Amino acid sequence: METGGNGPPKPIWNIVMVSAIAAGIQFGWALQLSLLTPYVQTLGVPHVWAAFIWLCGPISGLLVQPTVGYFSDHCTSRIGRRRPFIAAGACLVAMAVFFVGFAKDIGHRAGDSLDNPTKPRAVAVFVTGFWILDVANNMLQGPCRAFLADLSGSDHKRMRIANGWFSFFMAIGNVLGYAAGSYSNLYKLLPFTTTTACDVYCANLKTCFIIDIVFLLSVTITAITTVKETPLKSNGSLDEGEGGSSEPFIVEIVTAFKTLKKPMWILLLVTCLNWIAWFPFLLYDTDWVGVEVFGGKVNGSSSEQKLYDDGVRAGALGLMINSIVLAFTSLGLEPVSRLIGGVKNLWGVVNFILAAGLAGTVWITK
């Protein structure tokens, strides 16, 4: 995705307003990561199959972001290059979240039996909404980052500030999302969410997603109406002289890989292995706490179900604390790296800490 340019940097408040969209995006991601794996099992999807639903995230990230990035770079809309995609992405997120949250109700009205543990119509609605949600999140996030780069102009210091604000609002969204997921009585704010097909746990999830819709649309509408964008002319140039490569994203990536040195390949390999280990943890963390730590069971007896629900909320609380620690740790990375001899040493140490932490989950389970 083409970012930056030769135009003058915009005021900091513009960057803050656009960065705030990250809080709305991350609010939804936090709810997905903490609540949806447990929720999909209540629809009758076996535990082992839950991960296949999550394949949409990596697939959409691989395909959607480059595609949206390319068309965003060449968009000649009179309201700008990025804002049309940001607005469309936010609307798709809102629609998808509605399908996910109300899957049980829609499935019940379509003919799902309350006595049958497997609810095929609700599963179909959920999976459709979930895949749209991941596509929309990727469609929204890429143009937001590109918009920040455009607003920063060619000022590298301003770009670092923009990234800092974006990370800050991501942390805010994480904290809000995990906090909402850990609170058991949130459904009381919207009593209508409790229905014949939707119990208290489901009602809590619906309430969380309704809040997410309102929050995301509020910050998005505020940002795209207050921060102006220079349209791209039909000849491919911006009014303020911005420009960049017109090559498709995939071509740029292939060209970059051809020039990579051995240390960079090693760095990419270790990062890849990190995410192979970390991503499954994110998918099953709250479910793992509910089953392995609290001893609960999905669709079990009332006492087993209560233990499982308590475990899921405890796991969401742990993720909220993790987000707070992450926010403060991010601020201290630079001085800590100097203290232990540089960024390379810090990177090596934290990889071993991550390995020890993940290995500790095996010990807790056994």
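Heads up, residue numbers simply count up from 1 along the chain you see.
Glycine is treated like the rest: Cβ placed from N, Cα and C.
Where the annotation comes from TrEMBL, it is an automatic prediction and has not been curated.
According to TrEMBL, the transmembrane segment annotation covers 12-31 (among others).
What TrEMBL records for 51-72 (among others) is transmembrane segment.
Here TrEMBL flags 84-102 (among others) as transmembrane segment.
Residues or ranges marked as transmembrane segment in TrEMBL: 122-140 (among others). Residues 21, 25, 28-29, 32, 36, 40, 43-45, 53, 56-57, 60-61, 64-65, 68, 85-86, 88-90, 92-93, 95-100, 102-104, 106-108, 110, 112 of the same chain lie 6+ residues outside the transmembrane segment (122-140) yet bring a C-beta within less than 8 angstroms of a C-beta in it.
The transmembrane segment annotation in TrEMBL covers 161-181 (among others).
Sequence annotations record features per position, and here TrEMBL assigns transmembrane segment to 209-227 (among others). Within the chain, the transmembrane segment (209-227) has long-range Cβ neighbours (under 8 A, six or more residues past its boundaries) at 10, 14, 17-18, 20-21, 23-25, 27-28, 31, 83, 86-87, 90, 93-94, 97-98, 100-101, 147, 151, 176-177, 180, 190, 193.
Under the heading transmembrane segment, TrEMBL lists 265-284 (among others).
Distant neighbours of the transmembrane segment (314-333): 30, 33-35, 167-168, 171, 174-175, 178-179, 181-182, 285-290, 293-294, 346; these residues of the same chain sit at least 6 beyond its ends, with a Cβ under 8 Å from one of its Cβ atoms. The transmembrane segment annotation in TrEMBL covers 314-333 (among others).
Look at TrEMBL and you will find 345-364 (among others) tagged as transmembrane segment.
Only residues 6 or more beyond the boundaries of the transmembrane segment (345-364), in the same chain, are considered here, and those with a CB under 8 A from a CB of the stretch are 270, 274, 277-278, 281, 288, 292-293, 333, 336-337.
Remote same-chain residues near the transmembrane segment (161-181) are listed as 12, 15-16, 19-31, 34-35, 144-145, 148-149, 151-152, 208, 211-212, 215, 286, 312-313, 316-317, 319-320, 322-324, 326-327, 330 (criterion: CB distance under 8 Å, separation of at least six residues from the stretch ends).
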